[in-house]
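> Found this in TrEMBL, in case it helps:
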- Asp34, Asn98: Mg(2+) binding site (BINDING)
- Tyr70: site 'Interaction with target DNA' (SITE)
Amino acid sequence: MFNIEKAINAQILISRKIIEKKLEKEPKTICGMDISYKNDFGYGVAVILSYPDLKLIDVVITKKKPPIPYLPTFLGFREIPFLFELIKKAKSDLYIINGHGICHPRRCGIATHFGVCFNVPTIGIAKKLIKGFKLVNDNVLFNNEIVGKKYKNFYISIGNLITLEDAFNIIKNCTKYSLPEPLRLAHNISKNISRDDKNE
């Protein structure tokens, strides 16, 4: 049974371990991670591209049942098992996750949850803001603190081991269409796999 109170406490503890710092060097690889669902199964995909030229290096796929149903602001507990399987084979200098980072009531969206747990640089990308967050001049504010930025039709926030400035510049450099390219490819592949799979 999923315990909301324990999950909140875990998120608070994770958020205290966030390290916000400039990248020591430009990443050579970037990995986009996304998960699509069909019936009782989730389909996790990691797409690794070279950076800054965005050439395809590898695609990693996992299929399994999520441990809990979707609960707003607790996405990490649903999707970390998928990301754990993906990161075993998807080694990269930086990870872009479909979901918020510190743009979260407890500063612990999926990108932060993953980044802190695996001690890797992460950026969160989300299409919608959580209730209580405000957008002012493309800056996302929570309790009068800038916690993210809007770019095109999505929102950027740090997960771990990166600054918002670095995150914004990298995302801007690897966005050709509606999403950053590593994440766009991961999203499309996971959608296609979930659509075609017969859940056997």
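Residue numbers in this text run from 1 along the chain shown.
Even glycines carry a Cβ here, placed using N, Cα and C.
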> Rounded to the nearest angstrom, how far is the Cα of Tyr70 (site 'Interaction with target DNA') from the Cα of Asp34 (Mg(2+) binding site)?
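Rounded to the nearest whole number, the Cα-Cα distance is 15 Å.
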> C-alpha of Tyr70 (site 'Interaction with target DNA') to C-alpha of Asn98 (Mg(2+) binding site): distance in Å?
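The separation of the Cα atoms works out to 14 Å.
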> Neighbour count, 10 Å Cβ-Cβ cut-off, for Asp34 (Mg(2+) binding site): what number do you get?
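Neighbour count, Cβ to Cβ under the 10 Å cut-off: 28.
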> Please list residues from the chain of Asn98 (Mg(2+) binding site) whose Cβ is under 8 angstroms from its Cβ, counting only those at least six apart in sequence.
Gly32, Met33, Asp34, Ile35, Ile110, Ile125, Ala126, Leu183, Ala186, His187
